[in-house]
Amino acid sequence: MAIHPLDVVIMAAGKGTRMKSSLPKVLHRLGGRALLAHVLDCAAQLSARQAVVITGHGAMEVEAACARRTGASADLSLKFVRQEPQLGTGHAVQQALPVLPDDGITLVLSGDVPLTQAATLQALLAQCDGQRLALLTLSMADPAGYGRIVRAGTQASAQVRAIVEHKDASEAERAIHEIYSGIMAVPTRLLRRWLARLDNDNVQNEYYLTDIVKFAVADGVAVVAHQITDAAQVAGVNSPVQLAELERVYQQRLATTLMEQGVRLADPARLDVRGQLTCGQDVEIDVNCVFDGRVSLGQGVRIGANCVIANAAIAAGAVIHPFTHIDGEKLGVQVGEGAMVGPFARLRPGANLGAEVHIGNFVEVKNSTLARGAKANHLAYLGDATVGERVNYGAGSITANYDGANKHRTVIEADVHIGSNCVLVAPVTIGAGATVGGGSTITRDVPAGALSVGRGRQVSIANWARPVKKPGV
């Protein structure tokens with residue numbers, strides 16, 4: 001089989017009226033990423049020479065989103081062409097012709113069909129082999145709305161003669177169950193010739209890309225069909241209902257992959273991954289957990305129910321108790337080996353927990369580093385802080401890190417004990433082994449090993465009587 005350069009053309013011009021949204025259809029998200037991003041990643045996996053995205057409705061928004069792309073397609077060469085006005089699929093591909101060299105194969109994909117697998121497309125390209133028109137097809141129980149594959153005979157191996165759009169099909173043609181998926185591979189030199197012959201003599205007065213099949217037959221070029229059985233691979237998104245249905249398919253398949261790798265999921269139907277999740281051996285994930293962005297879970301990590309974890313690395317043996325929210329955003333969050341977090345804890349960007357750190361219920365940590373064995377077990381805030389080993393941080397204590405204009409750091413050295421309900425006003429340093437008495441407001445550095453108490457002196461008034469309410473008040 002000869003090797004031909006591959007150019008991928010992606011249809012992304014449609015408005016998506018049934019989505020009932022101002023957002024261009026191809027930018028709606030599945031698995032936390034735009035539909036179009038999934039298609040671009042697939043193109044990158046095929047080692048395409050370039051991807052040409054045909055835009056129309058919301059073109060500037062689509063192009064801007066592509067410019068911010070990450071993942072497998074980050075290094076893919078990308079070009080954009082506009083389809084204005086939108087006069088059909090054939091007209092759309094005509095707009096791409098000026099940037100398609102004749103030495104290659106053109107693979108036509110849809111920007112709203114996110115679950116097509118690279119292996120499926122590789123098989124389709126092998127059928128094309130630089131000299132045939134190859135179509136990706138599927139047999140459906142209810143083919144309404146799809147273009148039908150018309151063959152020269154009734155045998156499944158019979159030569160493909162035409163694709164007839166549903167609105168133009170006769171009753172006999174509508175009885176055909178094999179449909180065209182919208183995906184084809186065609187030698188570019190032939191595509192250019194056939195697109196020049198298109199007309200809009202049909203019910204919709206549009207230029208159909210599918211009409212090139214009859215031109216191929218007329219020219220004696222073989223038209224082959226690669227038929228698959230997995231409908232999800234060619235399922236498009238045209239409504240919020242279809243998007244939700246496809247989201248469930250995506251999540252179920254991802255859950256199956258995780259379990260095949262050894263991850264224990266309490267309920268595969270109650271897992272949402274909206275990015276990239278990697279897991280070590282013997283990871284356990286309870287129900288209703290959401291993973292966003294890039295998340296890695298080390299060996300033996302346990303995630304309790306109802307946790308939301310985004311852009312975080314959680315090391316081996318750590319336990320994240322239920323209802324914990326971890327959001328690394330751009331700075332990321334690091335949780336060390338054997339650490340315990342939650343329940344009802346919040347780790348914000350820049351939180352870096354060392355090994356065996358304990359963060360308990362209703363504790364918030366932001367842009368702070370906690371060394372091995374440090375503990376903040378309940379009702380506390382640590383922001384812009386550096387916390388040493390074995391520090392005990394009392395309930396109700398906070399770092400006052402913001403002066404209204406700038407953030408300042410608090411340094412708490414090793415073996416410090418911070419009593420309950422303390423305020424550490426940054427910038428401030430608490431020396432190693434020091435103790436801060438409960439209820440203190442600390443505004444100056446505390447020497448190592450010292451006891452520091454910064455609060456009003458307690459006064460007790462003997463025989464004091466509470467005020468008595470006046471009648472009728």
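Along the chain as shown, the residues are counted starting at 1.
Note: Cβ is positioned from N, Cα and C throughout, glycine not excepted.
Taken straight from Swiss-Prot:
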- 1-240: region 'Pyrophosphorylase' (REGION)
- Lys25, Gln83, Gly88, Thr89, Ser110, Gly111, Asp112, Gly147, Glu165, Asn238, Arg348, Lys366, Tyr381, Asn392: UDP-N-acetyl-alpha-D-glucosamine binding site (BINDING)
- Asp112, Asn238: Mg(2+) binding site (BINDING)
- 241-261: region 'Linker' (REGION)
- 262-473: region 'N-acetyltransferase' (REGION)
- His378: active site, proton acceptor (ACT_SITE)
- Ala395, Asn401, Tyr402, Ser420, Gly438, Arg455: acetyl-CoA binding site (BINDING)
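Packing against the region 'Linker' (241-261) from elsewhere in the chain are residues 19, 28, 30-31, 114-115, 232, 235, 268-269, 271-273, 277, 279: each is 6 or more residues past its ends and has a CB under 8 Å from a CB in it. According to DSSP, Lys25 (UDP-N-acetyl-alpha-D-glucosamine binding site) sits within a helical segment. Secondary structure at Ser110 (UDP-N-acetyl-alpha-D-glucosamine binding site), taken from DSSP and collapsed to helix, strand or coil, is strand. With the fewest other Cβ atoms inside 10 Å of its Cβ, the least crowded of the recorded positions Lys25, His378 in this structure is His378. Secondary structure from DSSP puts His378 (active site, proton acceptor) in a beta strand. Long-range neighbours of Gly88 (UDP-N-acetyl-alpha-D-glucosamine binding site) (same chain, six or more residues apart, CB within less than 8 Å of its CB): Asn200, Gln204, Glu206, Tyr207, Tyr208, Leu209.
Here the candidates are the recorded positions Lys25, Ser110, Arg348, His378. The one whose C-alpha lies nearest to that of Tyr402 (acetyl-CoA binding site) is Arg348. Cα-Cα distance from Asp112 (UDP-N-acetyl-alpha-D-glucosamine binding site) to Ser420 (acetyl-CoA binding site): 55 Å (rounded to the nearest whole number). The Cβ of Asp112 (UDP-N-acetyl-alpha-D-glucosamine binding site) has 28 neighbouring Cβ atoms from other residues within 10 Å, across all protein chains displayed. Regional average pLDDT for the region 'Linker' (241-261) in the model is 98. With DSSP states grouped into helix (H, G, I), strand (E, B) and coil, the region 'Linker' (241-261) comes out at 20 helix, 0 strand, 1 coil. Around Asn238 (Mg(2+) binding site), the C-beta neighbours below 8 angstroms that are at least 6 residues distant in the chain are Gly16, Arg18, Met19, Lys25, Asp112. Shown are the binding-site residues Ser110, Asn401, Ser420; of these, the residue with the fewest other Cβ atoms within 10 Å is Ser420. Most Cβ neighbours within 10 Å among the binding-site residues Arg348, Arg455: this distinction goes to Arg348. The two recorded residues, Glu165 (UDP-N-acetyl-alpha-D-glucosamine binding site) and Arg455 (acetyl-CoA binding site), show a Cα separation of 81 Å.
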